[in-house]
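Undergrad: Annotation source Swiss-Prot lists transmembrane segment at 8-28, 32-52, 68-88, 91-111, 119-139, 164-184, 189-209, 213-233, 239-259, 331-351, 363-383, 418-438.
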Amino acid sequence: MNSIFKKIKNYTIVSGVFFLGSAFIIPNTSNLSSTLYKELIAVLGLLILLTVKSFDYKKILIPKNFYWFLFVIFIIFIQLIVGEIYFFQDFFFSISFLVILFLSFLLGFNERLNGDDLIVKKIAWIFIIVVQISFLIAINQKIEIVQNFFLFSSSYNGRSTANLGQPNQFSTLILITLFLLCYLREKNSLNNMVFNILSFCLIFANVMTQSRSAWISVILISLLYLLKFQKKIELRRVIFFNIVFWTLVYCVPLLFNLIFFQKNSYSTFDRLTMGSSRFEIWPQLLKAVFHKPFIGYGWGQTGVAQLETINKSSTKGEWFTYSHNLFLDLMLWNGFFIGLIISILILCFLIELYSSIKNKSDLFLFFCVVAFFVHCLLEYPFAYTYFLIPVGFLCGYISTQNIKNSISYFNLSKRKLTLFLGCCWLGYVAFWVEVLDISKKNEIYARQFLFSNHVKFYNIENYILDGFSKQLDFQYLDYCELKDKYQLLDFKKVAYRYPNASIVYKYYSISAEMKMDQKSANQIIRAYSVIKNQKIIKPKLKFCSIEY
């Protein structure tokens, strides 16, 4: 009987890891968010692993620094209460991502304390399989042999993306997998020949992304490795790795441009010298930080910060939902002072983690985290659960090295964990129900709009996805019907969170008609003109007596 239960447990763990890995290769299909289904599948994998392991562990331990999570959650609650966070949906997402990060950390932390490396090895193997499949998809993007709904068949300006649809995300996945491969080799889980072949494939795939964040990661990781291990043989290994990597960085784009006449790859020199819009937006967003230095603009509302502070000299033709820098986002969301404190805590945690590492296997796992955080300084992989979960798990797994005595952690009763996991499962199911409701509402509105300018109001109770629901209403419904159903503040919130011509003009019209909040309405008209790179034109006011 015990053997049957053990098999069931092992199969369930495999299924959880499988869901986590499959999030990287399923296509982007949701109308609400291009990565929604991928992220939900990753969360499903985490919940399965936690549920199985909660019965397996004799005791569940939580580090004392968990209180910092509670501090951040408290800040988000305050922002919701005072109205800085516009929709419950944004509050829910922010809390959920922190809870997901904490649960991932908790799983890794207790997995290591219980002397088990089963999950980390299974994650390593599933990532290796996923990246090899993604490598084939990336090759197909270059040669375009197979066209299929399930394949992201076009590259990103000649840069490989696989089914992630974004080259830097694909690059970070490859780097994480490369160091998980090194971890397996260090644990003697594969031989030298297999290791060398897979390593070369991973490096080649990474070079195809032409990711500059990967270049920075390789330089930083090489230095961190040599700081830990300073023997001559280690120096030779680092030099050899860098020779292979940088040679491929230079040669692979030339090779593809030679083979394919359309020259669909940037040269390495082009990638090295070309600019980036993120460097143009950062100065403007830094000004926005000091515009609200104490409480910020609310978690997840970087776009609001940009719209509120934009002017004629700001970056044109760009609207950012994230600043492309984790620390800048934290300052925008929380204000300069609290954001700076959280940023320093993150850096201190990483430095302490690195200092506590005593062996190569842990160092390779730490390099997975480093690759992720370097990417966080140039983009926003922290906004995707399929990255957050494995990185949180690895942080928890490595951080057990910091435990010096029993004061460093406290026990969590299985009853409390079971209750909490039960709430997480209920929240997960409730979220899926609302996703289906919103998808239905979007389909109904879109179908009606095909045949008539007048769309009938579709009323559904949305307790979680209130922002998406209101966005659909303001996008499709007549101005007069919106006036009857919503307040001026609702017009403002939707316009600043989901700016498009229809929604912005409706907000401007009601503000002018009521002769209230006109400064904010004029600001978003100016801001919208800048992000669309158009001349500032005051829109025609909408009136109930006129159909449009």
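Note: Cβ is positioned from N, Cα and C throughout, glycine not excepted.
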Undergrad: I'm a bit unsure how to read this: which one of 68-88, 164-184, 331-351 has the highest number of Cβ pairs shorter than 8 Å with the transmembrane segment (8-28)?
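TA: The listed stretch sharing the most Cβ pairs with the transmembrane segment (8-28) is 164-184.
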Undergrad: For the transmembrane segment (363-383) and the transmembrane segment (164-184), does the number of C-beta pairs under 8 Å, pairs 6 or more apart in sequence, reach 3 or more?
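TA: These two segments touch.
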Undergrad: At a C-beta cut-off of under 8 Å, are there same-chain residues at least 6 beyond the transmembrane segment (68-88) that contact it? List them, or none.
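TA: Same-chain contacts beyond the flanks: 94-95, 98, 102, 295-301, 304, 334, 338, 342, 345, 463-464, 466-467, 470, 493, 496-497.
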Undergrad: Under a Cβ pair cut-off of under 8 Å, which of the recorded stretches 91-111, 119-139, 189-209, 331-351 contacts the transmembrane segment (418-438) most often?
TA: 91-111
Undergrad: Among 189-209, 239-259, 331-351, which stretch has the highest count of C-beta pairs below 8 Å with the transmembrane segment (119-139)?
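TA: Maximum Cβ contact count belongs to 189-209.
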Undergrad: In terms of Cβ proximity under 8 Å, which residues at least six beyond the ends of the transmembrane segment (164-184) contact it?
TA: 24, 28, 34, 120-121, 123-125, 127-128, 130-131, 134, 138, 152, 156, 190, 195, 198-199, 202-203, 205-206, 209-211, 213-214, 217, 360-361, 364-365, 367-368, 371-372, 375, 378-379, 381, 384, 387, 390-391
